[in-house]
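Comments concern the structure below.
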Amino acid sequence: MPATPPNRLGLTASGLLALCRAGFEKEVAAELDDFAAGIGLTGFVRTRPGSAFVTFETHEPVAFADLAERCDWRTLIFARQLLPWFARVDDLPERDRATPIATATRNAGQRFAQLMLETPDTDEAKQQSGFCRRFTVPLQHELERIGAFREGAKGLPELHILFPDTSTAWLCAALPGQAALWPMGIPRLRMLREAASRSTLKLAEAIFTLLSETERNASLRAGLRAVDLGAAPGGWTWQLAHRGLRVTAVDNGPMAPSVMATEMVEHVRADGFTWRPQRPVEWMVCDMVEQPTRIAALVADWIATGRCRRTIFNLKLPMKKRLEAVEQCRALITKRLAQAGPFELRFKHLYHDREEITGYLALRAAAV
């Protein structure tokens, strides 16, 4: 029997695996290829349209310790999860999946401290979610029995296992804090009735995804002021007011009574593209349906002129040229802020986004 895996990072990775929304595999494949090249990896991308995941296979094995710290799930815009993978187990027997998975884990020569079973976000794969819940405890016990798992041990990586179908398992690893906050990169957020619209969940996800804890604590506190452009019926406005900010909601349309009942909101009937505040505010948020370059120009102008310290905004993307549209907006913002100083610009295709991405922009001095 092979020796018990050690309490160190002795794992060797075979490539990278990214989860995404079905239909966005092409964008993730392009991003993953560029990312791999940027960190010195050579290999090739594999994907299948509609599969909701993409893999990169390296020509040569890579030390996990060298790769793991670079694999922050926020790095790729269109990926919900980004993980180094070290083994693929095929032809899993229906009556005993634990043994071959545990054997492959032990053979990798690494002990793990946390276990997470995931599936791609497709109708076919999600049928296995019940199996994953039932299988987690028995698999963990088997891993513990062979010495490949020590729950909660400090300094050890997490073990993520992806089941794209009933007979295949991709074995992946992540350092604590490097993988997505939620299994499959899908947040479990509760929709409150008074929030006016489900769009409030998009802003809630953006706040947790695009901002650090330090940034959240500094910028989302009672007494600060925010502006919501194109606010009606008030999903984003409610999210800010619920956190204690006083919000100016700019929209010619009506606001939901539940939002106005917070007594934290002033409704201004005006055009979101032309209205400007009399004094600078902490936040401007914008979820208007408009050409992405027009939104990018708007948010860049608010930051460049000091009307707000930071902004979260949504860019509606064309279906056939998503990456090109993102880079066009990035270039536009960069040019507008050339004289304003260093800035933070982050994009992410959130779970609550569809044909769109959400961005965060702030001058570097305001980023913390």
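Glycine is no exception: its Cβ is also placed from the backbone N, Cα and C atoms.
Some features that Swiss-Prot has for this protein:
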| type | residues | note |
| --- | --- | --- |
| ACT_SITE | LYS316 | active site, proton acceptor |
| BINDING | SER199, ALA232, PRO233, GLY234, GLY235, ASP251, ASP271, ASP287 | S-adenosyl-L-methionine binding site |
Among ASP251, ASP271, ASP287, the one of these binding-site residues whose Cβ has the fewest neighbouring Cβ atoms within 10 Å: ASP271
Max CA-CA distance, Å, over listed S-adenosyl-L-methionine-binding residues SER199, ALA232, PRO233, GLY234, GLY235, ASP251, ASP271, ASP287: 20
Most Cβ neighbours inside 10 Å, all chains, among the binding-site residues PRO233, GLY235: GLY235
Least Cβ-crowded entry, counting other Cβ within 10 Å, from the recorded positions listed as ALA232, LYS316: LYS316
C-beta crowding around SER199 (S-adenosyl-L-methionine binding site), within 10 angstroms: 19
Residues satisfying Cβ distance under 8 Å from GLY234 (S-adenosyl-L-methionine binding site), sequence separation of at least 6: ALA196, SER197, ASP228, ALA249, MET255, ALA256, SER258, VAL259, MET260, VAL265
Cα distance (Å, whole number) from LYS316 (active site, proton acceptor) to ASP287 (S-adenosyl-L-methionine binding site): 9
LYS316 (active site, proton acceptor) and PRO233 (S-adenosyl-L-methionine binding site), distance between Cα atoms, whole Å: 19
Euclidean distance between Cα atoms of the residue listed as 'active site, proton acceptor' and GLY235 (S-adenosyl-L-methionine binding site), Å: 17
Distance from LYS316 (active site, proton acceptor) back to ALA232 (S-adenosyl-L-methionine binding site), taken between C-alpha atoms, in Å: 18
